[in-house]
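Student: Below: one structure in C-alpha coordinates.
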Amino acid sequence: MIPFLLMVAFADTVLQVSAQSQPSCDSKVYCQGKLLHVVEMSRIFNDSKTFVELKMINDEQTTLENFDNFLRDTNHKRTRADLMKFVSDNFKQENEFESWTPTDFTDNPTLLSRIEDKTIRQFAQDLVKIWPTLARKVKKEVLDYPEHYSLLPVDNGFIIPGGRFTEFYYWDSYWIVEGLLLSDMHETVRGMLDNFLSIVEKYGFIPNGARVFYLNRSQPPLLTLMVSLYVSATNDMEWLAKNIRTIDTELRFWLNNRLVDVVKDGIVYKLAQYNSNSGSPRPESYYEDVTTASVFSDERDKAELYMDLKSAAESGWDFSSRWIVDEYGGTRGNLSALHTRRIIPVDLNAFLCQAFQKLSEFYQTLGDYPNATFWSKLVKIWQHSIEMVHYNRDDGIWYDWDNELSQHRRMFFPSNFAPLWSETFDSRNAEILGEMAAEYFITQNMMDYHGGIPTSLSHTGEQWDYPNAWPPMQSIIVMGLDKSGSYRAKQLARELARRWVKANLIGFRQTGEMFEKYNVEVPGQNGGGGEYVVQSGFGWTNGVVLEFINQFFTT
(Lines of atoms letter the chains of each structure in order from A and count residues from 1; the text may use other names and numbers.)
(Lines give C-alpha, C1' and ligand atoms only; values in the text may rest on other atoms or scores of the structure.)
Protein backbone atom coordinates (compact mmCIF):
# COMPACT_ATOMS: atom_id res chain seq x y z
CA MET A 1 0.00 0.00 0.00
CA ILE A 2 1.29 3.49 -0.87
CA PRO A 3 1.89 5.59 2.27
CA PHE A 4 -0.62 8.41 2.60
CA LEU A 5 2.00 11.19 2.58
CA LEU A 6 3.46 9.83 -0.67
CA MET A 7 -0.02 9.81 -2.20
CA VAL A 8 -0.43 13.44 -1.16
CA ALA A 9 2.92 14.38 -2.66
CA PHE A 10 1.98 12.62 -5.90
CA ALA A 11 -1.33 14.47 -5.90
CA ASP A 12 0.41 17.84 -5.55
CA THR A 13 2.93 17.02 -8.28
CA VAL A 14 0.33 15.90 -10.80
CA LEU A 15 -1.74 19.00 -10.14
CA GLN A 16 1.16 21.28 -11.00
CA VAL A 17 1.59 19.80 -14.46
CA SER A 18 -2.11 19.34 -15.18
CA ALA A 19 -3.32 22.81 -14.30
CA GLN A 20 -3.75 23.91 -17.93
CA SER A 21 -6.32 21.22 -18.81
CA GLN A 22 -9.81 22.44 -19.66
CA PRO A 23 -12.09 21.81 -16.66
CA SER A 24 -15.22 19.69 -16.64
CA CYS A 25 -17.34 22.65 -15.49
CA ASP A 26 -16.93 26.07 -13.86
CA SER A 27 -17.06 24.86 -10.26
CA LYS A 28 -13.66 25.18 -8.58
CA VAL A 29 -14.73 22.57 -6.03
CA TYR A 30 -16.64 19.91 -7.95
CA CYS A 31 -14.89 20.12 -11.34
CA GLN A 32 -11.41 21.63 -11.12
CA GLY A 33 -8.70 22.93 -8.84
CA LYS A 34 -6.36 21.82 -6.11
CA LEU A 35 -9.03 20.91 -3.56
CA LEU A 36 -10.65 18.38 -5.91
CA HIS A 37 -7.28 17.01 -6.95
CA VAL A 38 -5.89 16.55 -3.45
CA VAL A 39 -9.03 14.91 -2.06
CA GLU A 40 -9.50 12.54 -5.00
CA MET A 41 -5.85 11.55 -5.33
CA SER A 42 -5.56 10.95 -1.58
CA ARG A 43 -8.21 8.20 -1.83
CA ILE A 44 -10.00 8.94 1.42
CA PHE A 45 -13.10 7.63 -0.38
CA ASN A 46 -13.15 4.31 -2.23
CA ASP A 47 -15.44 5.69 -4.96
CA SER A 48 -14.33 8.94 -6.62
CA LYS A 49 -17.99 9.85 -7.11
CA THR A 50 -18.55 10.08 -3.34
CA PHE A 51 -16.71 13.37 -2.80
CA VAL A 52 -18.22 15.26 -5.73
CA GLU A 53 -21.71 14.41 -4.49
CA LEU A 54 -21.16 15.92 -1.03
CA LYS A 55 -22.90 19.16 -0.07
CA MET A 56 -20.72 22.22 0.52
CA ILE A 57 -21.54 23.57 3.96
CA ASN A 58 -20.30 27.06 3.03
CA ASP A 59 -20.26 28.93 -0.27
CA GLU A 60 -17.56 28.11 -2.80
CA GLN A 61 -15.29 31.06 -1.98
CA THR A 62 -15.32 30.32 1.76
CA THR A 63 -14.67 26.63 1.09
CA LEU A 64 -11.64 27.45 -1.07
CA GLU A 65 -10.33 29.93 1.51
CA ASN A 66 -10.71 27.27 4.20
CA PHE A 67 -8.74 24.86 2.04
CA ASP A 68 -5.93 27.37 1.51
CA ASN A 69 -5.78 27.89 5.27
CA PHE A 70 -5.76 24.14 5.78
CA LEU A 71 -2.78 23.73 3.45
CA ARG A 72 -0.92 26.52 5.21
CA ASP A 73 -1.67 25.22 8.69
CA THR A 74 -0.56 21.69 7.86
CA ASN A 75 2.46 22.95 5.92
CA HIS A 76 1.62 20.45 3.15
CA LYS A 77 2.42 17.54 5.52
CA ARG A 78 -1.18 16.59 6.17
CA THR A 79 -2.19 13.13 7.32
CA ARG A 80 -5.23 11.14 6.27
CA ALA A 81 -6.92 12.17 9.52
CA ASP A 82 -6.17 15.86 8.78
CA LEU A 83 -7.72 15.66 5.33
CA MET A 84 -10.75 13.69 6.50
CA LYS A 85 -11.35 16.31 9.21
CA PHE A 86 -11.15 19.12 6.65
CA VAL A 87 -13.68 17.36 4.45
CA SER A 88 -16.05 16.66 7.36
CA ASP A 89 -15.78 20.30 8.52
CA ASN A 90 -16.58 21.71 5.08
CA PHE A 91 -18.75 19.09 3.39
CA LYS A 92 -21.73 17.05 4.38
CA GLN A 93 -23.20 13.82 3.08
CA GLU A 94 -26.83 14.77 2.67
CA ASN A 95 -29.73 13.21 0.84
CA GLU A 96 -30.62 15.69 -1.91
CA PHE A 97 -33.95 14.00 -2.56
CA GLU A 98 -37.20 13.57 -0.71
CA SER A 99 -39.58 10.64 -0.69
CA TRP A 100 -41.96 10.79 -3.60
CA THR A 101 -44.61 8.42 -4.84
CA PRO A 102 -45.76 9.18 -8.40
CA THR A 103 -49.42 10.17 -8.29
CA ASP A 104 -50.17 8.11 -11.39
CA PHE A 105 -48.62 4.91 -10.07
CA THR A 106 -50.80 1.82 -10.22
CA ASP A 107 -49.77 -1.74 -9.46
CA ASN A 108 -52.32 -3.02 -11.96
CA PRO A 109 -51.68 -1.32 -15.34
CA THR A 110 -53.67 -2.41 -18.38
CA LEU A 111 -50.63 -4.27 -19.75
CA LEU A 112 -51.14 -7.03 -17.18
CA SER A 113 -54.60 -7.89 -18.49
CA ARG A 114 -53.11 -8.74 -21.89
CA ILE A 115 -50.55 -11.25 -20.55
CA GLU A 116 -51.88 -14.83 -20.61
CA ASP A 117 -48.91 -16.60 -19.02
CA LYS A 118 -49.39 -16.35 -15.25
CA THR A 119 -45.67 -16.49 -14.48
CA ILE A 120 -44.86 -13.70 -16.92
CA ARG A 121 -47.83 -11.67 -15.68
CA GLN A 122 -46.60 -11.91 -12.09
CA PHE A 123 -43.07 -10.97 -13.17
CA ALA A 124 -44.40 -7.90 -14.99
CA GLN A 125 -46.40 -6.88 -11.92
CA ASP A 126 -43.34 -7.31 -9.70
CA LEU A 127 -41.37 -5.03 -12.03
CA VAL A 128 -44.11 -2.40 -12.04
CA LYS A 129 -44.01 -2.36 -8.24
CA ILE A 130 -40.33 -1.39 -8.35
CA TRP A 131 -41.03 2.03 -9.90
CA PRO A 132 -41.89 3.79 -6.60
CA THR A 133 -38.61 2.56 -5.07
CA LEU A 134 -36.72 4.35 -7.86
CA ALA A 135 -38.83 7.53 -7.67
CA ARG A 136 -37.09 10.71 -6.50
CA LYS A 137 -37.86 14.40 -6.15
CA VAL A 138 -35.32 17.15 -5.47
CA LYS A 139 -35.59 18.71 -2.01
CA LYS A 140 -36.67 22.34 -1.72
CA GLU A 141 -33.36 23.24 -0.05
CA VAL A 142 -31.47 22.08 -3.14
CA LEU A 143 -33.78 24.10 -5.38
CA ASP A 144 -33.29 27.18 -3.17
CA TYR A 145 -29.50 26.86 -2.72
CA PRO A 146 -28.19 24.96 -5.77
CA GLU A 147 -24.71 26.50 -5.43
CA HIS A 148 -24.05 24.24 -2.42
CA TYR A 149 -24.61 21.06 -4.45
CA SER A 150 -23.28 19.34 -7.54
CA LEU A 151 -26.82 18.26 -8.43
CA LEU A 152 -28.60 19.97 -11.33
CA PRO A 153 -31.98 20.66 -9.71
CA VAL A 154 -35.25 20.05 -11.56
CA ASP A 155 -38.83 20.71 -10.51
CA ASN A 156 -40.54 17.41 -11.27
CA GLY A 157 -40.13 13.95 -9.83
CA PHE A 158 -38.30 11.33 -11.88
CA ILE A 159 -37.17 7.71 -11.97
CA ILE A 160 -33.48 6.99 -11.39
CA PRO A 161 -31.49 4.01 -12.69
CA GLY A 162 -30.68 2.75 -9.18
CA GLY A 163 -27.68 1.93 -7.00
CA ARG A 164 -24.90 4.54 -7.09
CA PHE A 165 -26.80 6.39 -9.80
CA THR A 166 -28.99 8.51 -7.53
CA GLU A 167 -29.72 11.21 -10.11
CA PHE A 168 -31.34 10.92 -13.53
CA TYR A 169 -29.27 10.02 -16.58
CA TYR A 170 -29.93 10.86 -20.20
CA TRP A 171 -30.01 7.70 -22.27
CA ASP A 172 -31.11 5.43 -19.41
CA SER A 173 -34.31 7.44 -19.42
CA TYR A 174 -35.42 6.23 -22.86
CA TRP A 175 -36.04 2.66 -21.68
CA ILE A 176 -37.31 3.92 -18.32
CA VAL A 177 -39.84 6.09 -20.16
CA GLU A 178 -40.90 3.15 -22.29
CA GLY A 179 -41.45 1.03 -19.19
CA LEU A 180 -43.36 3.82 -17.44
CA LEU A 181 -45.68 4.30 -20.41
CA LEU A 182 -46.39 0.57 -20.44
CA SER A 183 -47.18 0.99 -16.74
CA ASP A 184 -49.75 3.74 -17.54
CA MET A 185 -47.61 6.41 -15.83
CA HIS A 186 -48.11 9.19 -18.38
CA GLU A 187 -47.90 12.08 -15.91
CA THR A 188 -44.59 10.88 -14.54
CA VAL A 189 -43.19 10.67 -18.06
CA ARG A 190 -44.41 14.16 -18.91
CA GLY A 191 -42.70 15.49 -15.78
CA MET A 192 -39.44 13.76 -16.70
CA LEU A 193 -39.58 15.19 -20.22
CA ASP A 194 -40.27 18.65 -18.77
CA ASN A 195 -37.17 18.23 -16.61
CA PHE A 196 -35.06 17.46 -19.65
CA LEU A 197 -36.50 20.40 -21.55
CA SER A 198 -35.72 22.77 -18.68
CA ILE A 199 -32.12 21.53 -18.78
CA VAL A 200 -31.97 22.18 -22.54
CA GLU A 201 -33.37 25.68 -22.05
CA LYS A 202 -30.66 26.45 -19.48
CA TYR A 203 -27.63 24.75 -21.02
CA GLY A 204 -28.51 24.25 -24.69
CA PHE A 205 -28.16 20.47 -24.48
CA ILE A 206 -28.74 17.51 -22.16
CA PRO A 207 -25.67 16.49 -20.16
CA ASN A 208 -24.70 12.91 -19.38
CA GLY A 209 -26.59 13.14 -16.08
CA ALA A 210 -27.95 15.60 -13.54
CA ARG A 211 -24.63 16.76 -12.05
CA VAL A 212 -22.51 19.82 -12.80
CA PHE A 213 -19.52 17.58 -13.46
CA TYR A 214 -21.41 16.03 -16.39
CA LEU A 215 -21.72 19.37 -18.20
CA ASN A 216 -18.68 18.52 -20.35
CA ARG A 217 -20.54 15.88 -22.34
CA SER A 218 -23.93 14.55 -23.36
CA GLN A 219 -25.16 10.98 -23.96
CA PRO A 220 -26.85 9.27 -26.92
CA PRO A 221 -29.48 11.74 -28.25
CA LEU A 222 -32.74 10.01 -27.42
CA LEU A 223 -34.86 12.97 -26.20
CA THR A 224 -36.82 13.28 -29.46
CA LEU A 225 -37.46 9.53 -29.44
CA MET A 226 -38.70 9.73 -25.83
CA VAL A 227 -41.04 12.51 -26.90
CA SER A 228 -42.27 10.29 -29.73
CA LEU A 229 -43.07 7.50 -27.26
CA TYR A 230 -44.98 9.93 -25.05
CA VAL A 231 -46.94 11.57 -27.89
CA SER A 232 -47.82 8.17 -29.38
CA ALA A 233 -49.17 7.04 -26.00
CA THR A 234 -51.08 10.24 -25.13
CA ASN A 235 -51.65 12.24 -28.34
CA ASP A 236 -50.76 15.30 -26.22
CA MET A 237 -50.44 17.77 -29.08
CA GLU A 238 -50.82 20.81 -26.84
CA TRP A 239 -47.72 19.79 -24.91
CA LEU A 240 -45.85 19.04 -28.14
CA ALA A 241 -46.70 22.42 -29.66
CA LYS A 242 -45.53 24.17 -26.49
CA ASN A 243 -42.16 22.38 -26.45
CA ILE A 244 -41.30 21.71 -30.09
CA ARG A 245 -38.69 24.50 -30.28
CA THR A 246 -36.77 23.18 -27.28
CA ILE A 247 -36.80 19.66 -28.73
CA ASP A 248 -35.43 21.21 -31.93
CA THR A 249 -32.70 23.00 -29.94
CA GLU A 250 -31.42 19.76 -28.44
CA LEU A 251 -30.95 18.14 -31.85
CA ARG A 252 -29.23 21.22 -33.21
CA PHE A 253 -26.64 20.90 -30.44
CA TRP A 254 -25.47 17.71 -32.16
CA LEU A 255 -25.52 19.33 -35.59
CA ASN A 256 -23.54 22.33 -34.36
CA ASN A 257 -21.03 20.54 -32.13
CA ARG A 258 -20.54 16.91 -33.12
CA LEU A 259 -20.28 16.72 -36.93
CA VAL A 260 -17.09 15.81 -38.78
CA ASP A 261 -16.08 15.22 -42.37
CA VAL A 262 -15.83 11.59 -43.44
CA VAL A 263 -14.12 10.79 -46.72
CA LYS A 264 -14.91 7.49 -48.42
CA ASP A 265 -14.15 6.64 -52.04
CA GLY A 266 -13.33 10.29 -52.68
CA ILE A 267 -16.71 11.55 -51.47
CA VAL A 268 -17.07 13.76 -48.38
CA TYR A 269 -19.92 12.99 -45.96
CA LYS A 270 -20.96 14.78 -42.78
CA LEU A 271 -21.61 12.46 -39.86
CA ALA A 272 -21.67 12.72 -36.08
CA GLN A 273 -19.23 11.46 -33.49
CA TYR A 274 -19.00 11.46 -29.71
CA ASN A 275 -16.60 14.26 -28.83
CA SER A 276 -16.01 15.99 -25.51
CA ASN A 277 -13.43 18.78 -25.75
CA SER A 278 -12.72 18.78 -22.02
CA GLY A 279 -9.13 17.66 -21.52
CA SER A 280 -9.16 17.02 -17.79
CA PRO A 281 -10.05 14.01 -15.62
CA ARG A 282 -13.69 13.13 -15.01
CA PRO A 283 -14.42 14.39 -11.47
CA GLU A 284 -16.58 11.36 -10.67
CA SER A 285 -13.72 9.04 -11.74
CA TYR A 286 -10.84 11.40 -11.06
CA TYR A 287 -8.35 9.01 -9.50
CA GLU A 288 -9.03 6.35 -12.13
CA ASP A 289 -8.49 8.79 -15.02
CA VAL A 290 -5.28 10.25 -13.61
CA THR A 291 -3.98 6.72 -13.07
CA THR A 292 -4.89 5.69 -16.63
CA ALA A 293 -3.16 8.78 -18.06
CA SER A 294 -0.03 8.30 -15.95
CA VAL A 295 1.53 6.21 -18.74
CA PHE A 296 2.03 9.48 -20.63
CA SER A 297 4.64 12.08 -19.71
CA ASP A 298 3.48 14.74 -22.17
CA GLU A 299 0.58 16.80 -20.85
CA ARG A 300 -0.88 17.10 -24.34
CA ASP A 301 -1.12 13.31 -24.56
CA LYS A 302 -2.87 13.22 -21.19
CA ALA A 303 -5.35 15.89 -22.28
CA GLU A 304 -6.09 13.94 -25.47
CA LEU A 305 -6.76 10.80 -23.44
CA TYR A 306 -9.03 12.68 -21.02
CA MET A 307 -11.05 13.92 -24.00
CA ASP A 308 -11.32 10.39 -25.35
CA LEU A 309 -12.36 9.07 -21.93
CA LYS A 310 -15.09 11.69 -21.69
CA SER A 311 -16.14 11.08 -25.28
CA ALA A 312 -16.47 7.36 -24.52
CA ALA A 313 -18.57 8.28 -21.49
CA GLU A 314 -20.72 10.41 -23.80
CA SER A 315 -21.39 7.29 -25.87
CA GLY A 316 -22.79 5.51 -22.81
CA TRP A 317 -20.27 2.70 -23.43
CA ASP A 318 -17.80 3.53 -20.69
CA PHE A 319 -15.71 1.58 -21.27
CA SER A 320 -15.33 -0.85 -24.14
CA SER A 321 -12.87 -2.29 -26.63
CA ARG A 322 -15.12 -0.55 -29.14
CA TRP A 323 -13.16 2.66 -28.48
CA ILE A 324 -9.70 1.07 -28.19
CA VAL A 325 -7.63 1.33 -31.37
CA ASP A 326 -4.23 -0.29 -31.77
CA GLU A 327 -1.68 0.49 -34.48
CA TYR A 328 -3.40 -1.90 -36.89
CA GLY A 329 -6.91 -0.62 -36.27
CA GLY A 330 -7.74 -3.52 -33.95
CA THR A 331 -8.87 -3.51 -30.32
CA ARG A 332 -5.72 -4.71 -28.53
CA GLY A 333 -4.71 -2.52 -25.61
CA ASN A 334 -6.10 -0.94 -22.48
CA LEU A 335 -7.83 2.36 -21.71
CA SER A 336 -4.66 4.33 -22.41
CA ALA A 337 -5.20 3.30 -26.06
CA LEU A 338 -8.68 4.83 -26.17
CA HIS A 339 -9.33 6.79 -29.39
CA THR A 340 -13.06 7.46 -29.25
CA ARG A 341 -12.90 10.63 -31.35
CA ARG A 342 -11.43 8.96 -34.44
CA ILE A 343 -14.41 6.58 -34.63
CA ILE A 344 -17.67 7.44 -36.40
CA PRO A 345 -20.28 5.46 -34.42
CA VAL A 346 -23.05 3.81 -36.40
CA ASP A 347 -25.51 3.88 -33.49
CA LEU A 348 -25.13 7.63 -32.88
CA ASN A 349 -25.89 8.42 -36.50
CA ALA A 350 -28.80 5.98 -36.55
CA PHE A 351 -30.26 7.61 -33.41
CA LEU A 352 -29.91 11.05 -34.97
CA CYS A 353 -31.47 9.98 -38.26
CA GLN A 354 -34.52 8.57 -36.50
CA ALA A 355 -34.76 11.69 -34.34
CA PHE A 356 -34.70 13.87 -37.48
CA GLN A 357 -37.54 11.78 -38.89
CA LYS A 358 -39.65 12.09 -35.74
CA LEU A 359 -39.04 15.83 -35.47
CA SER A 360 -40.04 16.29 -39.11
CA GLU A 361 -43.25 14.37 -38.43
CA PHE A 362 -43.94 16.52 -35.36
CA TYR A 363 -43.60 19.72 -37.39
CA GLN A 364 -45.76 18.25 -40.15
CA THR A 365 -48.50 17.41 -37.64
CA LEU A 366 -48.32 20.92 -36.17
CA GLY A 367 -48.54 22.52 -39.61
CA ASP A 368 -45.00 23.94 -39.65
CA TYR A 369 -44.10 22.79 -43.13
CA PRO A 370 -40.80 24.68 -43.61
CA ASN A 371 -39.29 23.04 -40.52
CA ALA A 372 -40.81 19.69 -41.46
CA THR A 373 -39.06 19.96 -44.82
CA PHE A 374 -35.74 20.99 -43.25
CA TRP A 375 -35.59 17.92 -41.04
CA SER A 376 -36.92 15.52 -43.69
CA LYS A 377 -34.08 16.61 -45.98
CA LEU A 378 -31.61 15.76 -43.24
CA VAL A 379 -33.21 12.33 -42.92
CA LYS A 380 -32.46 11.61 -46.58
CA ILE A 381 -28.90 12.90 -46.24
CA TRP A 382 -28.24 10.79 -43.13
CA GLN A 383 -29.85 7.67 -44.59
CA HIS A 384 -27.62 7.92 -47.63
CA SER A 385 -24.51 8.64 -45.56
CA ILE A 386 -25.18 5.73 -43.19
CA GLU A 387 -25.63 3.40 -46.14
CA MET A 388 -22.50 4.58 -47.93
CA VAL A 389 -20.19 4.90 -44.91
CA HIS A 390 -21.42 2.37 -42.36
CA TYR A 391 -22.97 -0.49 -44.34
CA ASN A 392 -20.76 -3.41 -45.31
CA ARG A 393 -22.36 -5.33 -48.17
CA ASP A 394 -20.01 -8.28 -47.84
CA ASP A 395 -20.98 -8.89 -44.21
CA GLY A 396 -24.58 -7.71 -44.49
CA ILE A 397 -24.32 -5.43 -41.45
CA TRP A 398 -23.41 -1.89 -40.42
CA TYR A 399 -20.11 -1.08 -38.70
CA ASP A 400 -18.41 1.84 -36.98
CA TRP A 401 -16.01 3.71 -39.24
CA ASP A 402 -12.35 4.38 -38.36
CA ASN A 403 -11.95 7.92 -39.67
CA GLU A 404 -8.15 7.82 -39.51
CA LEU A 405 -7.60 4.51 -41.31
CA SER A 406 -10.72 5.03 -43.49
CA GLN A 407 -12.05 1.55 -42.91
CA HIS A 408 -14.81 -0.36 -41.16
CA ARG A 409 -14.18 -1.73 -37.69
CA ARG A 410 -15.38 -5.24 -38.49
CA MET A 411 -15.95 -6.47 -34.94
CA PHE A 412 -19.18 -7.67 -33.40
CA PHE A 413 -20.99 -5.05 -31.34
CA PRO A 414 -24.77 -4.82 -30.77
CA SER A 415 -24.53 -1.23 -32.03
CA ASN A 416 -24.02 -2.72 -35.50
CA PHE A 417 -27.78 -3.35 -35.52
CA ALA A 418 -28.81 0.21 -34.60
CA PRO A 419 -29.94 1.18 -38.14
CA LEU A 420 -32.43 -1.72 -38.03
CA TRP A 421 -33.77 -0.46 -34.69
CA SER A 422 -33.93 3.12 -35.98
CA GLU A 423 -35.25 2.06 -39.42
CA THR A 424 -32.75 4.38 -41.06
CA PHE A 425 -32.89 2.90 -44.54
CA ASP A 426 -35.12 2.73 -47.59
CA SER A 427 -38.21 0.86 -46.36
CA ARG A 428 -38.28 -1.15 -49.59
CA ASN A 429 -35.07 -2.85 -48.44
CA ALA A 430 -36.32 -3.72 -44.94
CA GLU A 431 -36.84 -7.43 -45.53
CA ILE A 432 -33.50 -8.12 -47.19
CA LEU A 433 -31.61 -6.01 -44.65
CA GLY A 434 -33.31 -7.91 -41.83
CA GLU A 435 -32.47 -11.22 -43.48
CA MET A 436 -28.81 -10.25 -43.88
CA ALA A 437 -28.58 -8.98 -40.31
CA ALA A 438 -30.08 -12.21 -38.98
CA GLU A 439 -27.54 -14.22 -40.97
CA TYR A 440 -24.70 -12.08 -39.61
CA PHE A 441 -25.98 -12.54 -36.06
CA ILE A 442 -26.07 -16.33 -36.44
CA THR A 443 -22.66 -16.58 -38.13
CA GLN A 444 -21.20 -14.69 -35.16
CA ASN A 445 -22.42 -17.60 -32.98
CA MET A 446 -24.62 -15.32 -30.90
CA MET A 447 -27.19 -18.08 -30.35
CA ASP A 448 -24.64 -19.86 -28.15
CA TYR A 449 -25.36 -17.47 -25.29
CA HIS A 450 -28.46 -18.08 -23.19
CA GLY A 451 -27.85 -15.29 -20.68
CA GLY A 452 -28.13 -12.52 -23.25
CA ILE A 453 -26.30 -11.06 -26.23
CA PRO A 454 -22.71 -10.07 -25.36
CA THR A 455 -21.67 -6.46 -25.81
CA SER A 456 -18.54 -7.59 -27.65
CA LEU A 457 -16.41 -10.69 -28.03
CA SER A 458 -13.35 -9.07 -26.41
CA HIS A 459 -12.28 -10.20 -22.93
CA THR A 460 -10.91 -6.91 -21.60
CA GLY A 461 -12.39 -6.69 -18.11
CA GLU A 462 -14.22 -3.52 -19.16
CA GLN A 463 -17.92 -3.52 -18.43
CA TRP A 464 -19.04 -2.88 -22.02
CA ASP A 465 -17.30 -6.02 -23.26
CA TYR A 466 -17.62 -9.78 -22.93
CA PRO A 467 -19.22 -11.41 -20.95
CA ASN A 468 -21.64 -8.61 -20.12
CA ALA A 469 -25.09 -8.29 -21.64
CA TRP A 470 -26.68 -4.85 -21.32
CA PRO A 471 -30.47 -4.32 -21.51
CA PRO A 472 -30.47 -1.51 -24.11
CA MET A 473 -28.32 -3.62 -26.41
CA GLN A 474 -30.84 -6.47 -26.18
CA SER A 475 -33.57 -3.99 -27.06
CA ILE A 476 -31.72 -2.59 -30.07
CA ILE A 477 -31.05 -6.02 -31.57
CA VAL A 478 -34.37 -7.68 -30.72
CA MET A 479 -36.64 -4.81 -31.70
CA GLY A 480 -34.53 -4.05 -34.75
CA LEU A 481 -34.81 -7.60 -36.04
CA ASP A 482 -38.52 -7.69 -35.23
CA LYS A 483 -39.26 -4.49 -37.15
CA SER A 484 -37.26 -5.48 -40.23
CA GLY A 485 -39.97 -7.39 -42.06
CA SER A 486 -37.90 -10.55 -42.49
CA TYR A 487 -39.71 -13.64 -41.19
CA ARG A 488 -36.43 -15.23 -40.15
CA ALA A 489 -35.37 -12.07 -38.31
CA LYS A 490 -38.73 -11.84 -36.55
CA GLN A 491 -38.50 -15.44 -35.37
CA LEU A 492 -34.98 -14.81 -34.15
CA ALA A 493 -36.15 -11.71 -32.28
CA ARG A 494 -38.89 -13.67 -30.55
CA GLU A 495 -36.46 -16.34 -29.36
CA LEU A 496 -33.94 -13.77 -28.14
CA ALA A 497 -36.65 -11.89 -26.24
CA ARG A 498 -37.85 -15.14 -24.65
CA ARG A 499 -34.32 -15.97 -23.52
CA TRP A 500 -33.76 -12.50 -22.06
CA VAL A 501 -37.01 -12.42 -20.11
CA LYS A 502 -36.32 -15.94 -18.82
CA ALA A 503 -32.77 -15.01 -17.75
CA ASN A 504 -33.97 -11.87 -15.96
CA LEU A 505 -36.70 -13.87 -14.22
CA ILE A 506 -34.15 -16.46 -13.04
CA GLY A 507 -32.00 -13.72 -11.55
CA PHE A 508 -34.99 -12.01 -9.95
CA ARG A 509 -36.16 -15.23 -8.32
CA GLN A 510 -32.67 -15.98 -7.00
CA THR A 511 -31.83 -12.53 -5.64
CA GLY A 512 -34.97 -10.39 -5.63
CA GLU A 513 -32.98 -7.87 -7.69
CA MET A 514 -32.87 -6.54 -11.24
CA PHE A 515 -29.34 -5.68 -12.35
CA GLU A 516 -27.94 -3.07 -14.73
CA LYS A 517 -26.14 -5.81 -16.70
CA TYR A 518 -25.97 -9.60 -16.81
CA ASN A 519 -23.51 -12.40 -17.56
CA VAL A 520 -24.18 -14.04 -20.94
CA GLU A 521 -22.71 -17.36 -19.78
CA VAL A 522 -24.95 -17.83 -16.73
CA PRO A 523 -28.62 -16.83 -17.22
CA GLY A 524 -29.72 -14.46 -14.47
CA GLN A 525 -26.27 -13.84 -13.02
CA ASN A 526 -25.23 -10.21 -12.75
CA GLY A 527 -22.39 -8.89 -14.88
CA GLY A 528 -19.19 -7.27 -13.64
CA GLY A 529 -16.02 -5.43 -14.57
CA GLY A 530 -15.38 -1.74 -14.99
CA GLU A 531 -14.87 0.97 -12.39
CA TYR A 532 -17.59 0.04 -9.87
CA VAL A 533 -19.46 -2.99 -8.56
CA VAL A 534 -22.64 -4.05 -10.34
CA GLN A 535 -25.69 -1.96 -9.47
CA SER A 536 -29.26 -3.11 -8.92
CA GLY A 537 -32.62 -1.41 -9.35
CA PHE A 538 -32.67 -1.11 -12.25
CA GLY A 539 -34.45 1.41 -14.44
CA TRP A 540 -33.60 0.45 -17.99
CA THR A 541 -33.50 -3.27 -17.18
CA ASN A 542 -37.10 -3.16 -16.00
CA GLY A 543 -38.11 -1.06 -19.00
CA VAL A 544 -36.62 -3.49 -21.52
CA VAL A 545 -38.26 -6.53 -19.91
CA LEU A 546 -41.63 -4.76 -19.96
CA GLU A 547 -41.00 -3.81 -23.60
CA PHE A 548 -40.33 -7.45 -24.52
CA ILE A 549 -43.31 -8.71 -22.53
CA ASN A 550 -45.57 -6.21 -24.27
CA GLN A 551 -44.24 -7.14 -27.71
CA PHE A 552 -43.91 -10.91 -27.42
CA PHE A 553 -46.00 -12.16 -24.49
CA THR A 554 -49.34 -10.38 -24.91
CA THR A 555 -52.52 -11.02 -26.84
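The first residue you see is number 1, and the count goes up from there.
Every residue, even glycine, has its Cβ placed from backbone N, Cα and C.
Quick caveat, the model's predicted, so the values are computed rather than measured.
Taken from Swiss-Prot, the feature signal peptide covers 1-16, and the record attributes it to sequence analysis. The annotation N-linked glycosylation site is assigned in Swiss-Prot to ASN46, ASN216, ASN334, ASN371. The substrate binding site feature in Swiss-Prot is assigned to ARG164, TRP171, ASP172, ASN208, ARG217, SER218, GLN219, ARG282, PRO283, GLU284, GLY316, GLU531; the stated evidence is similarity to another entry. Per Swiss-Prot, the feature active site, proton donor/acceptor maps to ASP318, GLU516.
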Student: Counting only residues 6+ apart in the same chain, whose Cβ is under 8 Å from the Cβ of ASN371 (N-linked glycosylation site)?
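Tutor: Residues satisfying the criterion: ASP248, SER360, TYR363.
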Student: Among all the protein chains here, how many other CB atoms are within 10 A of the CB of ASN216 (N-linked glycosylation site)?
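Tutor: Result for ASN216 (N-linked glycosylation site): 26 neighbouring Cβ atoms inside 10 Å.
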Student: Taking every protein chain shown into account, which of the recorded positions ASN46, GLN219, ASN334 has the largest tally of Cβ atoms within 10 Å of its Cβ?
Tutor: GLN219
Student: So of all those recorded positions, ASN46, ASP318, ASN334, GLU516, which one's Cα sits nearest to GLN219 (substrate binding site)?
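Tutor: Comparing Cα positions, the closest of these recorded positions turns out to be ASP318.
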Student: Of the recorded positions listed here (ASN216, ASP318, ASN334, GLU516), which is spatially closest to ARG164 (substrate binding site) when Cα positions are compared?
Tutor: GLU516
Student: Based on the record's binding annotation for substrate (ARG164, TRP171, ASP172, ASN208, ARG217, SER218, GLN219, ARG282, PRO283, GLU284, GLY316, GLU531), what whole-number value in Å is the widest Cα to Cα distance?
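Tutor: About 21 Å separates the two most distant Cα atoms.
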Student: Taking the Cβ of ASP172 (substrate binding site) as the centre, count every other Cβ atom within 10 Å, in any protein chain shown.
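Tutor: Its Cβ shell of radius 10 Å holds 27 other Cβ atoms.
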Student: Given a separation of at least six residues and a C-beta threshold under 8 Å, show me what packs close to GLY316 (substrate binding site) in the same chain.
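Tutor: For GLY316 (substrate binding site), the qualifying residues are TRP171, GLN219, PRO220, PRO472.
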Student: Can you tell me the CA-to-CA distance separating ASN216 (N-linked glycosylation site) and ASP172 (substrate binding site), as a whole number of Å?
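Tutor: Cα-Cα distance, ASN216 (N-linked glycosylation site) to ASP172 (substrate binding site): 18 Å.
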Student: Taking only same-chain residues 6+ apart in sequence, whose CB is under 8 Å from that of GLU516 (active site, proton donor/acceptor), what do you get?
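Tutor: Listed in sequence order: PRO161, GLY162, GLY163, TRP470, PRO471, GLY527, VAL534, GLN535, SER536, GLY537, PHE538, TRP540, THR541.
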